[in-house]
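Asker: Among the features that TrEMBL reports, transmembrane segment is placed at 41-67, 74-98, 110-132, 153-174, 194-213, 251-270, 282-301. Residues or ranges marked as domain 'G-protein coupled receptors family 1 profile' in TrEMBL: 56-302.
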């Protein structure tokens, strides 16, 4: 097969046709023992992004675990999200080490592939859990956040991580294409069947999450109308709008969260379903970068925007200025 210009440029710039986050994407003989690739710009970017992901998510996990008062369902979900993104960053760093620092092996490919599949699946499911938490906190504002709700959230997260670990163990348990490269997907060593099921699940979670956020908008609109009616104002009254202009700001934040979420996950999910082993490595890398980049943006969009987590971090940095902390329960 004749390579196009983009394939040649990608292989030259990456030193050895660097793959994606999951593994090497070259279609060489699986029985040959590859050598460590020379360091290049793609490798440096991989290591730096993984380090940033690990650093910021480790701060979030430490802040939540070190504060006993942060045990409401929303904080359990944010801790799960940060932990999943932290593991994704660790997988990127390990991939960098195996690719550029030591001689890569089949075992290293399978380990990094499984770890990334586990962490990205847990991250995506935790994002859906955050959307569910926001929906329930609005629709069941009087009861949600109780001890019973915290137990349910903890049980749900246990199922999320159990399912993610089972999904991520597929390559290690033998669901890979190292022995038959004709079954490889756009992300070697994952088979096309495995990646298609994984990406199909990703798209399903994305659609469910969008539906939850649509429900959040409907519930928020009903609440705003009820408040306006109780105060004898029409919803479009100018004085009411001036006092409650935060609705527009909240809507813009919601659109930002949804826009980042969809733009990060949809490209790779669609490409994983439509592409095959003959697809250019450049396209695989270009679609996987946003998916992993979502782990870099999640702490900024979710955890660090939470007022209670910010207060914990400010207290850790300036303990004399922030002596008290009373987080809300929802």
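Just so you know, glycine gets a Cβ as well, placed from its N, Cα and C.
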Asker: Is it the case that the transmembrane segment (41-67) and the transmembrane segment (282-301) touch, counting contact as three or more CB pairs under 8 Å in which the residues of each pair are 6 or more positions apart?
Answerer: yes
Asker: Mean pLDDT, the domain 'G-protein coupled receptors family 1 profile' (56-302)?
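Answerer: Here the predicted model's pLDDT, averaged over the domain 'G-protein coupled receptors family 1 profile' (56-302), is 83.
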